[in-house]
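One structure below.
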Amino acid sequence: MSFRKEDGVSSLCQKALHIITELCFAGQVEWDKCSGIFPADRSGQGGGGTDISVSLLAVVVSFCGLALLVVSLFVFWKLCWPCWKSKLVAPNVSTLPQSISSAPTEVFETEEKKEVEENEKPAPKAIEPAIKISHTSPDIPAEVQTALKEHLIKHARVQRQTTDPTSSSRHNSFRRHLPRQMNVSSVDFSMGTEPVLQRGETRTSIGRIKPELYKQKSVDSEGNRKDDVKTCGKLNFALQYDYENELLVVKIIKALDLPAKDFTGTSDPYVKIYLLPDRKKKFQTRVHRKTLNPLFDELFQFPVVYDQLSNRKLHFSIYDFDRFSRHDMIGEVILDNLFEVSDLSREATVWKDIHCATTESIDLGEIMFSLCYLPTAGRMTLTVIKCRNLKAMDITGSSDPYVKVSLMCEGRRLKKRKTTTKKNTLNPVYNEAIIFDIPPENVDQVSLCIAVMDYDRVGHNEVIGVCRTGLDAEGLGRDHWNEMLAYHRKPITHWHPLLELPGRATSFDSQGSCSSPRPPSTP
């Protein structure tokens with residue numbers, strides 16, 4: 001029984017000792033209280049094992065960190081060294097000897113200073129064969145020295161940055177339609193060594209319009225027109241106004257040098273006369289047989305108010321009478337200004353060339369408009385003022401006219417504008433402005449086509465007459481354009497006669513150079 005009690009007590013002691021050990025090592029009991037229970041050698045063994053494990057862990061961590069640092073440095077050197085090497089080595093240094101590349105940069109600076117001093121001083125008589133860099137460095141040959149100087153001068157220059165001028169984006173929509181455009185990159189913008197005065201004169205002359213050049217062109221154009229028009233004799237007539245009876249008295253005197261229309265070498269001429277724009281009332285002379293120089297001496301009277309004479313024209317048509325066929329037209333004479341010779345208070349005799357024609361020219365009326373161009377803004381203003389004596393297009397003897405203006409470039413219509421429609425009138429008044437944006441460098445490439453249209457509610461609108469203005473126009477159209485360019489910023493107003501469009505149809509949109517443009521071809 002005693003042995004069993006001892007075994008139970010010992011087991012209880014072991015369990016208590018085990019619990020105390022767990023509490024001590026778990027940190028729930030202070031170590032000083034536990035140190036008296038355990039032997040000293042055992043506690044020392046536990047502390048030494050802990051110190052060894054901590055030191056071993058520190059060694060492992062240090063070694064891993066050092067290895068990671070070495071690996072990162074190696075990778076960084078492999079990646080960045082080629083870039084640094086390419087930057088450090090100049091592209092032209094390889095052509096120089098190896099001895100120059102090993103020289104210090106301070107020598108380069110001293111050589112540059114010496115070169116500046118030598119340029120300021122007179123040139124020496126002889127070139128030194130070599131220059132000592134230091135007491136320990138070898139001699140540099142003279143050829144290497146000159147190459148070094150050239151290299152330094154080349155890299156010491158400050159390169160100037162140049163930019164090409166860019167055009168304004170305002171007229172991009174206009175330039176897309178133009179077949180010809182100025183290549184800005186081909187213009188030479190280099191700085192020359194010209195004198196300042198001469199360069200200033202060149203700048204001021206660019207873009208300036210010289211009126212005398214345009215005047216010379218207009219004079220030449222008038223001479224060319226006279227040469228182009230074929231004449232077929234002369235017509236002599238006299239004009240006088242009867243103030244009491246309000247009559248215009250026209251006396252057809254004679255004609256000279258008419259062409260032969262018959263097989264016999266003669267003609268049977270007679271003359272028709274109109275006071276335009278009224279074609280309902282006409283007069284005709286007697287027929288003179290077999291003569292090329294007929295003598296008429298016949299008087300005709302047109303009832304007209306004196307104040308209306310400035311808006312009237314005399315139209316003479318000379319015909320060759322043929323009994324069995326259609327009468328052949330010899331030519332015509334149109335007197336636009338009845339006051340060309342005098343005020344008609346007394347009889348005034350007039351000689352006019354007979355212009356060859358095969359058909360009678362129909363008077364379609366006139367249009368008055370003004371042109372004004374602002375070169376700085378690149379803006380052209382066409383003001384349609386009014387029309388007069390338009391041709392009647394309706395059965396009622398009237399028309400419903402409106403004006404259609406097209407901006408043309410080499411037969412293609414770039415833009416179009418139109419005025420309001422005036423109802424039942426042959427003398428409409430508009431006073432409407434039409435604006436086009438045209439860059440100054442493209443003014444000589446464009447023209448304006450002005451068409452007077454008759455509005456028709458049913459069917460197509462009909463063309464009454466057209467006129468053109470521009471550098472490629474003829475007669476008054478070109479003169480009006482040149483006058484606008486010579487006196488820019490000032491409205492220039494003129495009357496223009498309306499002409500029949502050759503081969504016209506009932507619709508203006510399908511005619512000639514005023515047709516709708518084709519879309520530009522894509523590259």
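Cβ atoms are placed via backbone N, Cα and C, with glycine included.
The Cβ neighbour count for F321 (Ca(2+) 1 binding site), using a 10 Å radius and every protein chain shown, is 16. Feature annotation from Swiss-Prot assigns Ca(2+) 1 binding site to D262, D268, D320, F321, D322; the stated evidence is sequence analysis.
Swiss-Prot lists D394, D400, D454, D456 with the feature Ca(2+) 4 binding site, giving sequence analysis as the kind of evidence. In three-state terms derived from DSSP, D400 (Ca(2+) 4 binding site) belongs to neither a helical nor a strand segment and is classed as coil. Counting only same-chain residues at least 6 apart in sequence, those with a Cβ under 8 Å from the Cβ of D400 (Ca(2+) 4 binding site) are D394, T421, K422, K423, N424, D454, Y455, D456.
In the predicted model, the domain 'C2 1' (231-352) has a mean pLDDT of 88. For 231-352, the entry in Swiss-Prot reads domain 'C2 1', with the evidence type sequence analysis.
The topological domain 'Vesicular' annotation in Swiss-Prot covers 1-55 and is backed by sequence analysis.
What Swiss-Prot lists as transmembrane segment is 56-76.
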CB contacts for D320 (Ca(2+) 1 binding site) [other CB atoms within 10 A, all chains]: 19
Helix-strand-coil residue split for the domain 'C2 1' (231-352), DSSP-based: 6 helix, 67 strand, 49 coil
Nonlocal neighbours by CB distance (under 8 Å) for D262 (Ca(2+) 1 binding site), same chain, sequence gap 6 or more: D268, K290, D320
Other residues, Cβ within 8 Å of D262, D268, D320, F321, D322 Cβ centroid (Ca(2+) 1 site): K261, S267, P269, V287, Y319, R323, H327, D328
Most crowded position, judged by CB atoms within 10 A, among D268, D394, D456 as binding-site residues: D268
For D454 (Ca(2+) 4 binding site): DSSP state (helix, strand, coil): strand
D322, D454 as binding-site residues, winner by CB count within 10 A: D454
